[in-house]
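The block underneath contains the structure these notes are about, expressed in structure tokens.
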Amino acid sequence: MSETLYTGISQLATPRPGPQRGAAMGDLHIIEDAALLVRGGVIQWVGPRAAAPTATHVHDLGGRAVVPGLVDPHTHAVWAGDRLSDWEAKLQGATYEEILARGGGIRSTMRATAAADVAELVALARPRLASLRASGATTTEVKSGYGLDFDAELRMLRAVRELQAEFELRPTLLIHVPPQEGRAEYVVGVCAELIPQVAREGLAEALDVFCEKEAFSVEETRTMFAAAQAHGLRVKLHADQFHAIGGTELACEVGALSVDHLEASGAAQIAALAASETVATILPGVTLHLGLPAAPGRQLIDSGAIVAIGTDLNPGSSPLFSTQLALALAVRLCLLTPAEALSACTVNAAYALGLSDRGSLSAGQRADFLVLNGQDWREVAYTLGGNAVAEVYLAGAQL
């Protein structure tokens with residue numbers, strides 16, 4: 001079994017293993033002049049170079065900083081078409097209702113995606129995922145949700161499966177937009193047909209629902225959650241993006257992996273998350289692109305919630321192709337410290353996907369790590385527009 005000791009690490013910065021909350025999110029383990037021993041894709045030892053064990057191979061990283069690989073827990077990286085006209089119309093003052101009336105908005109993405117076959121969707125998604133990987137994402141969640149019908153949803157998930165090994169993807173079935181007619185029948189179909197088929201084919205690890213005034217109600221969400229859990233899927237939620245209607249409280253009640261968005265969360269929702277094991281995932285790219293209020297990241301951490309960060313990469317509200325930039329934006333827009341943001345983008349984001357084997361540079365963890373261009377780990381949160389990441393390692397192998 002291959003064994004490599006990585007030396008020449010000016011500074012190694014990592015959160016402890018497992019979900020971090022409150023003050024622990026900012027309490028990184030930082031080692032100056034560090035070394036890292038990897039065997040069989042798993043970290044065996046981390047510590048000062050002067051105390052390092054011997055190894056078959058030694059690899060000098062050239063005096064640069066090392067941090068864990070980033071985990072992106074929320075993307076919509078599979079879609080067809082574009083929303084450039086929508087974006088320009090919005091800049092000129094058009095309302096979303098006006099954009100919809102012109103044939104734009106999310107339904108234009110759904111039409112284009114429904115018209116694409118699996119091979120086309122794979123070809124479109126691959127460069128997007130490559131951009132996330134280059135920014136430091138070693139594990140990435142990808143949702144369906146742009147299907148006009150169940151067949152289109154399944155094609156999206158099959159496209160994710162084609163790319164799964166290449167990009168270490170975690171697939172999620174997203175129930176995103178209610179049909180314009182036959183809403184009750186649609187929910188029944190999701191529970192009786194779509195979820196069972198997805199579970200049979202192993203196409204997703206979790207079910208996500210958009211719970212919002214303009215989308216699915218709390219009771220509809222509860223029904224779909226129950227069906228998903230009965231078929232062995234974990235559950236997660238889009239909630240509190242525009243209105244707090246009870247979705248966050250439901251997610252905490254049923255033990256959801258995460259609640260994502262949270263821009264409209266108030267004291268009750270923050271308290272519910274703080275008292276739960278459900279992760280609060282904030283998506284600062286939406287704040288930047290749409291000019292909406294930011295999720296209350298500072299308040300969530302101060303209350304004791306487990307906070308993660310995602311890009312929400314999608315064509316309509318967050319064309320953000322860098323997980324690293326999402327981390328940096330969370331510092332500026334959601335008022336996290338650099339250390340908190342690193343924890344949010346690593347161990348906490350992994351926990352939001354139900355993963356405990358990555359996100360920390362500790363013995364027993366997967367050897368997913370980033371070598372930065374500079375000597376100080378804070379470059380990963382400081383840099384805007386450039387790429388602080390020089391090299392990406394997945395299970396100990398440089399990509």
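Placed from the backbone N, Cα and C atoms, the Cβ positions cover glycine too.
Record note: Swiss-Prot gives His74, His76, His238 as Zn(2+)-binding, and the candidate from Asp149, Asp302, Asp312 in that site is Asp312. Binding of 4-imidazolone-5-propanoate is attributed by Swiss-Prot to Arg83, Tyr146, His176, Gln241, and the same site annotation extends, among Ser10, Ser276, Ser303, Ser317, to Ser317. Around the Cβ of His76 (Fe(3+) binding site), the same chain contributes Val142, Lys143, Gly145, Tyr146, Leu174, Asp312, Leu313, Asn314, Pro315, each under 8 angstroms and 6 or more positions distant in sequence. Counting other Cβ atoms within 10 Å of each Cβ, the lowest count among the binding-site residues His238, Gly316, Ser317 belongs to Ser317. Of all the binding-site residues listed here (His74, His238, Gly316), Gly316 has the Cα closest to the Cα of Arg83 (4-imidazolone-5-propanoate binding site). When the Cα atoms are compared, Gly316 (N-formimidoyl-L-glutamate binding site) and Gln241 (4-imidazolone-5-propanoate binding site) turn out to be 14 Å apart. In the structure as shown, the Cβ atom of Asn314 (N-formimidoyl-L-glutamate binding site) sits within 10 Å of 25 other Cβ atoms.
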